[in-house]
Ligand SMILES: OC[C@H]1O[C@H](O[C@H]2O[C@H](CO)[C@@H](O)[C@H](O)[C@H]2O)[C@H](O)[C@@H](O)[C@@H]1O
């Protein structure tokens, strides 16, 4: 890791090209500063450490100029570019030259940055391959080995090999990885299961949590906490070794519960909300409240459509990205208006179910290690959370779990996230039976289960179906003895993925599953992506369980 010659605060104070003395030649003062500045300590109060600066932090008005000029169709392209020299020097060069009549922003960027490689995009599938062969052949294409880090790039180097989703997503993603690992295990790639889990453990040690992905601009948030499920997968798939991750699970738990001890009822801090009766539940959060680097233009435009303070809108957009459901009517006050987003005011059913799993896993592994005290403590935490989930998020009348809107003190929308309590074993059999009726009548289609029953322009809504939701529904219902529904979802989803594969010779990020024939999913803020890590992972696992005809 490196130190910028000048730190962020100092950089903000440098003159811009609007200062006339700096228009034509660099001031001696600045050059002296650049040359003489000693490496600074990693952290200035209130500032991120220099190696965690995001592209927006580093390039300041150059970043905003590039993002607002739309020189790249995808807002994620520029944040993923690597600088060819010290970012501070690039910024100074920009300030010197941008007012010149012949200044060409695109040419400037191409001169001083390497554009992100599109690795894997050139892969041509063999139309004769079965679905299973296609997925097995893709693992090497989607694998990234640890390699030397380009200085100042937004990519955070990881110590071991990992799988990326594909397309514009050329880095590891936290919750995607769990669903990808299901397929890797089925393909006999236990080596990757181990290296990926070790990478996440390393991130917990290094950053104190698992970031959304291994980019500096993802460090301020996490994603659905599924590390405990990864660890459990080790045991189920015979790799063993869950015990060695206990400290990491405990540290991840601290991240999610930070600040809980000092909250009064009806207060929230970061990820924790203390309910009126004093019980603790969790919400999604991001420590920053600026536009996301990778969706800067989109966020600025969304905030303009809201009458709320822009930093509140940015925070809620970022928290929505942390949820993995970016975006969905789940987080919106008006189901079809993204500007009405209120993610931080919702207590999500899936997040609390995943944290129940984390608490239970810590208790279970503590027993293995003979630590009865920790076991009892975390068993109690899991029990308390289950009681709170039932109190605030179980809708007896409609027979389903729902998010809870803690500002309005009422239940929110029903969605496929409702199956997560089954997947982690939090629900009762009676609840599972009722939920089966709700899922059958409100979410099930011929192609699998919909994300929600509300048709919007967002990607985590009807008409889209997503692989992780299918998997958790299939296994969740089967865990409660409802093989009929689990099998039906599994076969429907496999048919969706295979029919699309037979026609287009690829797997994709999400599918339109409302009609008779599966189509490419749509909606949201970026074009549909091919690849695709978790779709491959879930399909490969299901082929092992159901799919002789796809082998
Ligand atoms: O660039 C916009 C957003 O893209 C990511 O979200 C989507 O892709 C992820 C990778 O497959 C997936 O984990 C997530 O569920 C998708 O909605 C990213 O995670 C966001 O942080 C980012 O802002």
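We count from 1, first residue shown onward.
Glycine is treated like the rest: Cβ placed from N, Cα and C.
TrEMBL labels come from automatic prediction, so no person has curated them.
Keep in mind the model is a prediction, meaning the values are calculated, not measured.
Taken from TrEMBL as is:
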- 326: active site, proton donor/acceptor (ACT_SITE)
- 509: active site, proton donor/acceptor (ACT_SITE)
- 168, 175, 176, 212, 221, 222, 223, 292, 293, 294, 324, 525: substrate binding site (BINDING)
- 1-23: region 'Disordered' (REGION)
Quiz item: substrate site residues 168, 175, 176, 212, 221, 222, 223, 292, 293, 294, 324, 525: biggest Cα-Cα distance, Å?
Solution: 20
Quiz item: How far is it from residue 293 (substrate binding site) to residue 326 (active site, proton donor/acceptor), counting Cα to Cα, in Å?
Solution: 15
Quiz item: Which one, from the binding-site residues 168, 221, has the smallest tally of other C-beta atoms lying within 10 Å of its C-beta?
Solution: 168
Quiz item: Cβ under 6 Å from ligand 1: which of the recorded positions 168, 176, 293, 324, 326 qualify?
Solution: 176, 324, 326
Quiz item: For residue 223 (substrate binding site), what is the tally of other C-beta atoms lying within 10 angstroms of its C-beta?
Solution: 22
Quiz item: Any idea which of the recorded positions 176, 293, 326, 509 has the thinnest Cβ neighbourhood at 10 Å?
Solution: 326
Practice problem: Using DSSP with the three-state reduction, classify residue 221 (substrate binding site) as helix, strand or coil. | Solution: strand
Quiz item: Around residue 324 (substrate binding site), how many other CB atoms lie within 10 A of its CB?
Solution: 24
